[in-house]
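Now, the feature entries from TrEMBL:
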{"type": "ACT_SITE", "residues": "Glu289", "note": "active site, proton donor"}
{"type": "ACT_SITE", "residues": "Glu487", "note": "active site, proton acceptor"}
{"type": "BINDING", "residues": "Asp158, His197, Asp205, Lys402, His407, Thr449, Asn488, Ala489, Arg526", "note": "substrate binding site"}
Amino acid sequence: MALSMTHQIGTLAGTPIHAESGSGAGEPSTATVSAAAVWKSPAPSIRCRAQKPDALDALSPPLSPCRSPVLGGIRPDLSVACQAFAAEMEALPQAAVREHKEVAPAAGSREKGSGGVPVFVMMPLDSVTMNNTVNRRKAMNASLQALKSAGVEGIMMDVWWGLVEREPGSYNWGGYAELLEMAKKHGLKVQAVMSFHQCGGNVGDSCSIPLPKWAVEEVDKDPDLAYTDQWGRRNYEYISLGCDTLPVLKGRTPVQCYADFMRAFRDNFQHLLGETILEIQVGMGPAGELRYPSYPEQNGTWKFPGIGAFQCYDKYMLSSLKAAAEAAGKAEWGHTGPTDAGHYNNWPEDAPFFKKEGGGWNSQYGEFFLSWYSQMLLDHGERILSSAKSVFENTGTKISVKVAGIHWHYGTRSHAPELTAGYYNTRYRDGYLPIAQMLARHGAIFNFTCIEMRDHEQPQDALCAPEKLVKQVALATQKAEVPLAGENALQRYDDYAHEQILRSALLNIDGYPQEDKEMCAFTYLRMNPDLFQADNWRRFVAFVKKMKEGKNLHRCWEQVEREAEHFVHVTQPLVQEAAVALRH
């Protein structure tokens, strides 16, 4: 018997689901359903009222940091979502989705009143195996079909440096070629992430994909190629930006390696650029984000909500610091970073440098050091964006950069966790405007995380303020005239998270000039078995529909949710056999 959608999506969790039954022994069920009939809107005379939630969902939302929790070991009931797409499905009966290149035009040229935010879904981190094949191929194919049927615009996939360039200058695109063709076949657009970091060591890293072996060998020979803290601890997630322009990787500079990789990607997938591949997100640090690895979870080094630690103690960073101090006429400042900045898991008031009263961050030395440290990160972004822009120019693709949503201790004066990550953002200084301006110079999209979080859901003693942070970033991108896109930082499927995403994506933010502006895109974390669980899937389908209607949403949310619930209800008879199999 051919594998059903239930079997295929079920294998995402590592265990196939058996749903073999029918009119006779061994005969598969042949029930079908029309998506058009399922999604037929209720009569226009129906009146409904949108209800504002006034209490948290019974399932408490997870606390941050700013990546998803580990996915391993999850085994939810997939039956409804799996079988809902076993029948032939048609696209939702709504206006055709605009191309992402139309949704996210050049900075400042957004058409007024265009309406709608396209939703992309992140693929599993291990979508391509170490053997350069598509992982769980049949489950992947079924899942893409499901996403397309739900009205999703496209997918985001990590293109791992460590998988593709096993030997210097030799690229194996095997699994990616097949995965991209699969997306094209289903009519899904692609955000391709040039992932120059290792997978493993951050929250949500459910598998391990190291940097290329030949690059690791060079780091082993010269440990200063790795980011280093004041205690000599090395971080191997990403090559230190201190050696960006030095030929330390088999005769090439790190930036040259990244540029060669992007050029090879462009040449190999030229036929898909601008049509299927609409966006290139350029990795610039750990977790693909433009930041220092200041809060590494590996080996328990850092735990939320610690302030993190500065990462400027490799010899290349210290050499730059020394030169900057001499140029400023303060040679004595060039020997080391702050020695009183505490440890990874301290709080701001535990570290003299970050204290609200008399803290070094607000001194002449602090201004010098933090300006140098953050400028090094901006220069790193400039170098890689310059390469990316030259590689992908005239290909019809957009370029984007991800910035971390570091919202803990945001309510303090020093904003210590942001400072150690390289964002010079304090009560007296906007650290996100320089980043937005840098991206604007290259016509890049500012992609920001923690869009789903609300202030009151976070630990109040840590003065977390994700909503205020998102507002600051939105205002910075508006001022710099750079497109803003978003992601959720943690996996959440509850209505409260969805409503917060919608509010943020539509830029319904106090003090933000409306003018019918919206985020240019939103990427949902992440495709996995939990997403296809019945209640989660129903909420997700309604969420996608609301996002696509955007500020032009004339019908109330309750009506949209009723349609999604009707969709799941009509398809439920198809999943009874799978449900029985799951129980046994």
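Heads up, the Cβ atoms here are built off N, Cα and C, so glycines get one too.
Long-range neighbours of Glu487 (active site, proton acceptor) (same chain, six or more residues apart, CB within less than 8 Å of its CB): Met122, Lys402, Asn447, Phe448, Thr449, Ile451, Phe522, Thr523, Tyr524, Leu525.
Across the structure, Asn488 (substrate binding site) and Glu289 (active site, proton donor) are spaced 14 Å apart at their Cα atoms. Note: the CA-CA distance between Arg526 (substrate binding site) and the residue listed as 'active site, proton donor' rounds to 17 Å. Fewest other C-beta atoms within 10 Å: among the recorded positions Asp158, Glu289, His407, Asn488, Arg526, that description fits Arg526. Taking the Cα atom of each, Asp158 (substrate binding site) and Glu289 (active site, proton donor) are about 13 angstrom apart.
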